[in-house]
Amino acid sequence: MRLAGRISAAIEVLTEVEQRHRPVSEALKAWGFAHRFAGAGDRAAIGNLVYDALRRRQSHAQAMQSDAPRALVLSVVVRDWGEPAEALANSFTDDRHAPEPITETEMEALRRADGPAVPDVPEWLQPSLERALGSEWIAEMQAMAERPPLDLRVNTLKSSVERVANSLKRFSPQSTDIAPTGLRLPAGQRDSRTPNVTTDEGYQKGWFEIQDQGSQIVSLLAGAQPGEQVLDLCAGGGGKTLAMAAAMDNRGQIFAHDSDRSRLAPIYDRLKRSGVRNAQVRPPEPEALDDLAGRMDRVLIDAPCTGTGTWRRRPDTKWKLSTEQLQLRVAEQQAILDAAVASLKPGGTLVYITCSLLPEENADQVADFHRRHEGFEDLNLKHVWTSYLNGDFRGLDMPHGLLLTPLRTGTDGFYIAALKRTATR
Ligand SMILES: C[S@@+](CC[C@H](N)C(=O)[O-])C[C@H]1O[C@@H](n2cnc3c(N)ncnc32)[C@H](O)[C@@H]1O
């Protein structure tokens, strides 16, 4: 397929996403099934067009004075991909897969210079984002509208950064600047394909995991030490469990629990592949955690959240988020925080993480926890940053914890707070 045909397909997929509220990944998969002639390069290019349109949906809609899928995709090709408007219009004339010819009004909109930067986030979330990010909030949201890199965490239980870098040298990986055992494959441009590193022999052998540098950083700041008893209360597929097991050098014990059996399902294979020997999976059963009461040195809550910190990867979710969903997540987080206390031993540490930038899910949530529970003291994670990570603290200092952001740390957005239980009971 040539560019014009790919544009046609992207308009079709984006229409499906916008009108039928389908997740992008699902709509792209359905398009692929219905168009088996399309190659991997076509699919990647179509995906890039759709995701790029959603990342800067508001900017493109403003420039085109239309938020129709066709207007958004044409704007991406000219504004983000740098295709000259005239050449694009000409390419439509001799391609039978091309969309309808570009109109004079569209040409004018495509030639128009960009207006002042718009934040590319829903209006109702702007006060919360501004409260979290202060004067940097617009620049942060611009960074959040960029394509993300592909980050890998080297599994030190099985390999080394040098060995993995060598095994992936065809992709020119770079060392991550903050996480000490991370490698980064920078985001591509235009129609480039994200490398499929999971087919690499090193991945099959458990030498590395795909994990955003932000997630690697908070996994280390969680501070799990060799020999400790750790409960990973919302373990899901085990991204943090695996990272903590490596930090603990397979010593001590991690109990990996999740309330959703299907979210937990991948963890068994991942633990095996990674050579983790100090993790025990605790599936959701009525008494699954009873024997851990008062015994844990550390309880990690990687909380269910709105995922506002991951908008670079899942830009469709930013336009779908509702106040009801936010309220629901806040209520879930509160219940999980309260439930976590039972497993902590006196002197133990409660670590609270979200991949959200919203204060309602972060600092406000921890402040409310303190109001409900006496005998917890905030640990200063800024001070321990240099013990676990490269360079000086670069995140944002927040009440009770700290925030990682695309602009500050070049990562997904994450909040982390660590609370030490000082009371004896
Ligand atoms: C952010 S995800 C966890 C990601 C995972 N820790 C990782 O690093 O791959 C949040 C998880 O919380 C789980 N969850 C939601 N409510 C829960 C509850 N009440 N108790 C335990 N887990 C819960 C969800 O099923 C989901 O898997």
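Sequential numbering from 1, following the chain as shown.
Every residue, even glycine, has its Cβ placed from backbone N, Cα and C.
Because TrEMBL annotations are produced automatically, they should be read as predictions rather than curated entries.
Per TrEMBL, the features are:
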{"type": "DOMAIN", "residues": "140-422", "note": "domain 'SAM-dependent MTase RsmB/NOP-type'"}
{"type": "REGION", "residues": "173-199", "note": "region 'Disordered'"}
{"type": "BINDING", "residues": "Asp258, Asp302", "note": "S-adenosyl-L-methionine binding site"}
{"type": "ACT_SITE", "residues": "Cys355", "note": "active site, nucleophile"}
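Taking the features listed in TrEMBL, we show where each one sits on the structure.
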{"residue": "Asp258", "record": "S-adenosyl-L-methionine binding site", "DSSP class": "coil"}
{"residue": "Asp302", "record": "S-adenosyl-L-methionine binding site", "DSSP class": "strand"}
{"residue": "Cys355", "record": "active site, nucleophile", "DSSP class": "coil"}
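Asp302 (S-adenosyl-L-methionine binding site) and the residue listed as 'active site, nucleophile' are 8 Å apart (CA-CA, integer value).
Annotation for Asp302 (S-adenosyl-L-methionine binding site): spatial neighbours Asp232, Leu233, Cys234, Ala235, Gly236, Gly239, Lys240, Ile353, Thr354, criterion Cβ-Cβ under 8 Å with sequence separation of six or more. The Cβ neighbour count for Asp258 (S-adenosyl-L-methionine binding site), using a 10 Å radius over every protein chain in view, is 25. The average pLDDT the prediction assigns to the domain 'SAM-dependent MTase RsmB/NOP-type' (140-422) is 97.
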